[in-house]
Each structure stands twice: as C-alpha cells, then as structure tokens.
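Report on one structure; see the data block that follows.
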Amino acid sequence: MRAAVIVFPGSNCDRDLAVAFEQAGFQVDMVWHKDAALPEGIDIVGVPGGFSYGDYLRCGAIAAQSPICQAVVDHTKRGGYAVGVCNGFQILTETGILPGALLRNAGLKYICKTVGLKVETSDSAFTQGYNAGDVIGIPIAHHDGNYFADDAILSTLRDQDRIAFTYTENPNGSAGDIAGILSENRRVLGMMPHPERAADEGHGGTDGTALFRALSGALAPA
Amino acid sequence: MKARVHVMLKTGVLDPQGEAVRHALGAMGFNQVEGVRQGKVIDLELADGATEADVTDMCEKLLANTVIERYEIELV
C-alpha cells in the first residue's frame, strides 16, 4: 500500500502524517506542491496540517491552486482515497473536494489542546476501526476550525451519514459541532483534529492509531 | 487600469472579528454602533486589455471563497 503526503511551503505536520502512515504499514512518498502529478500507484493522498503559504488570503486558498492540488482533485474524481487534516481539511474545502468552509474560531483564539471527539459513523475506511458513539481524545491545534456550511449542505451531510466526528464540547463554534466530514463516496475525509498526533505512546495518546490501521486494512490488496 | 475588490463575509455567516470590534467600540463608549462586519480590500494593478470579466474570474477562483464570502469589483 502506498500513501502520498503532500508538502507545501509552511506544512508542519507532513512528517508526523508520514510516520503514522508508515506505522500502519504504508510506504510513503513525500510529494512537493509544485509537482503536477502524483506518483504512480498511490492508494491514498494525505494533505497535512500546517500553515501553507502562511495562511495568506484564506487558510488553504493558495495551496488549493497549486499544481499538485489539481492532481489531487483528479485523483479523488477517479474515486481515489484522500485524507486532509487541519490545514489539509481547509485545503480540501478550498478545492471543492469537500463542501463547506472553515472560518475563524468563534472565540478568536488559536486553540491547542486535546479534545473529545465522538465517532458519528463507523461506515468508512477511515472510521471502521471505531464504533459509532465511541468518544476518543485527539489534539486540535488551529485558529480557523469553525466549520461552516449552509443548512442544505448540513442536512445533506446528516442524511447521508457523512459526519465522521463531532466535538463533545464544541471548542470553535463549528456548525453542528462538526469536527470531520466525508465525501459523498466516503473515500475522502477532512478533519480539523490531528489523529497523527495521537498515534504513538510518546504522543501521550494513541486514539488516532485505529484510523490509520483501519485504512491499512481497507486498502490492503486482497 | 486598476481594480479594487471588496470581499465581505456573506450575511448570516458569523464574523467573530467584527463582533470583537463591536464589543471594543461599545466598551469605549461608542454606544451608537449596532453591528460591525470586517472584510478585505484587494487592489489589483492590471495590464492594458484586462477586463472586468477577468477580475470576476479571479474572484471566483481565488480572491473570494463564494461559500462564505461575496465580492464587489470597482474599476478605477
């Protein structure tokens, strides 16, 4: 199984994400944002957290226009898997791969702490290692994680069981306490919390490990 | 030619920065302020031959996120 982790100027969780993939059995290629194509044979693309392009204009807006992002859009249109964490989630919404947008936190403060997440669905390659209703502890570290979507999109997400995670105590004002969502084909996950920062004993928590292990199980060749 | 693009959060989208400014103005005694919305102004220096349609294209693709923002173009 092969994962590609995209590296933008200002990415700072790219290596953490690569380690989490590797520990779950993936071979990882780091892919520079100026590349116009993904390596052949990639099973999943990871769009990491950080502050791509200094968060100028809007978080993720400039990264979303980089050459590699067109390749990521094409990959997801072909039914390829992708996960975007934190800035990666912001980038996936800016590309239009996932609906909605991430606004400034309602309290205006950057928040860095471990929060409770409720697993809303186990019906995806990302969340099948959990049971719906499980509460897990995963760190957040963001200034713009306040998920916004209009009522029509929110009800579609609910009706199609596409809300992956919600906050047990909403830290940032997100609509519907939403922390992470799935694409319509359930193969793209965007989430503000950092599962790759809870994937090793040294992190102080391993509740994110099940996400990477589940992916590894789902994408392993039969 | 120059163009000035105004980008504002859409009505109904919470603007916590505008709210913070409103609170600060109220605390300073400016009780006549009932609402504040904060946006961006982007000035573009354009080559000869550029059109308003080009600027609209720029707004749709990059300068504004039309999920949450609206924009107005002023040619100057």
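The count begins at 1 with the first shown residue.
Even glycines carry a Cβ here, placed using N, Cα and C.
TrEMBL: automatically predicted annotations, no manual curation.
Reduced to three states, the DSSP call for A:Cys86 (active site, nucleophile) is coil. Cβ-based neighbour count (10 Å, all protein chains) for A:Cys86 (active site, nucleophile) stands at 31. Taken from TrEMBL, the feature active site, nucleophile covers A:Cys86.
Secondary structure from DSSP puts A:His194 (active site) in coil. According to TrEMBL, the active site annotation covers A:His194 (among others).
Annotated active site per TrEMBL: A:Glu196 (among others), in sequence order. Of all Cβ atoms in the shown protein chains, 31 besides its own fall within 10 Å of the Cβ of A:Glu196 (active site).
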Cα distance (Å, whole number) from A:Cys86 (active site, nucleophile) to A:His194 (active site): 7
Euclidean distance between Cα atoms of A:Glu196 (active site) and A:Cys86 (active site, nucleophile), Å: 11
Cβ-Cβ neighbours of A:His194 (active site) (radius 10 Å): 26
